[in-house]
Amino acid sequence: MASELSPIDRAKFLAAKQATEYVETGMKVGLGTGSTAAWLVQCLGEMVREEGLKIKGVPTSTRTAQLARKVGIEVITLDEAKWLDVTIDGTDEYDSDLTLIKGGGGAHLQEKVVATASDRMIVIADASKKVDTLGAFPLPVEVIPFGAKITKKLIEETLINMDVLGREVTQRMNGDVPFVSDEGNFIFDLHLKRIGNPQQLSLALNQIPGLVENGLFIDICDVVIVGHADGRVDVRDIDKDSDEVVRFDLRDDDNIFADLDD
Ligand code: 5RP
């Protein structure tokens, strides 16, 4: 099974597998969106089916909700959960402060609401997501369709005074039509190249009335788990100020990858 996975998928899978260590029976768990989070949902589903793990999952997108149900995880809404023990999600970029850019999958609004309603947020990633300075990945912002052109103009004006290198704003498309989020909104991608002051930028963007939420996650993430194709997994816990290296023995493929249906 391991040999069938590309190096990048192996890295994502190992990060997800390590993240399951933070999940225990009885927990309410926020389930992220994206290819790395999908591995996590599959791993948790296997633990539910094979090991009797009992959890309630709050998905951050319709995609994740479908997958969670398919693999056997009980799905509830955030309002039913009221509060979550942990949220585990992927990221598009993270820096040394564990500030994130998320929303590459267009789900950062629900992802931020869910992560903020959790005791802990754990990010799972491959090594390509680590950056010295955020901004190479375009920053997604979610915008209501009403007056979207005006909102775009206000975003462009706001960026003039921000510490960024690029200022192009593009609307995310789905083929020939605008991409629409699960909340019925548009996504604009901000091609900033380098974000000098994420806090200032996040506050300024969220002042724009038609802009619902931006993809910067500041002081939300507690732990980053980075998988590597060679079986190494780095765990950085910002609350404990600790760095740990875990090693999976890939020769033991059959146990690590058993029964995963990707
Ligand atoms: C979706 C997200 C994802 O977590 C992010 O895009 C990373 O995705 P992947 O794990 O596929 O690289 O924020 O909105």
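Cβ coordinates are placed from backbone N, Cα and C, and glycine is handled just like the others.
All TrEMBL annotations are machine predictions without curation.
TrEMBL annotations:
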ACT_SITE  Glu111  active site, proton acceptor
BINDING   Thr33, Gly34, Ser35, Thr36, Asp89, Gly90, Thr91, Asp92, Lys102, Gly103, Gly104, Gly105, Lys129  substrate binding site
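Neighbour counts were taken as the number of other C-beta atoms within 10 angstroms of each residue's C-beta; across the binding-site residues Thr33, Ser35, Thr91, the minimum falls on Ser35. Put simply, Glu111 (active site, proton acceptor) is 10 Å from Thr91 (substrate binding site) when counted between their Cα atoms.
Note: Gly104 (substrate binding site) has non-local neighbours Gly34, Asp92, Phe137, Pro140, i.e. same-chain residues 6+ apart with C-beta under 8 A of its own C-beta. Lys102 (substrate binding site) sits 8 Å from Glu111 (active site, proton acceptor), taking the C-alpha atoms as the reference points. For the pair formed by Thr33 (substrate binding site) and Glu111 (active site, proton acceptor), distance between Cα atoms is given as 8 Å, rounded to the nearest Å. The DSSP secondary structure for Asp89 (substrate binding site) is strand.
Sitting within 8 Å of the Cβ centre of Thr33, Gly34, Ser35, Thr36, Asp89, Gly90, Thr91, Asp92, Lys102, Gly103, Gly104, Gly105, Lys129, and not among those site residues for substrate, are the Cβ atoms of Gly32, Ala37, Ala107, Glu111. Spatially, by CA atoms, the binding-site residues Ser35, Asp89, Lys129 include one closest to the residue listed as 'active site, proton acceptor', and that is Asp89. The substrate-binding residues named in the record, Thr33, Gly34, Ser35, Thr36, Asp89, Gly90, Thr91, Asp92, Lys102, Gly103, Gly104, Gly105, Lys129, extend over a maximum Cα to Cα distance of 15 Å.
Taking the binding-site residues Lys102, Lys129 in turn, the residue surrounded by the fewest other Cβ atoms inside 10 Å of its Cβ turns out to be Lys129.
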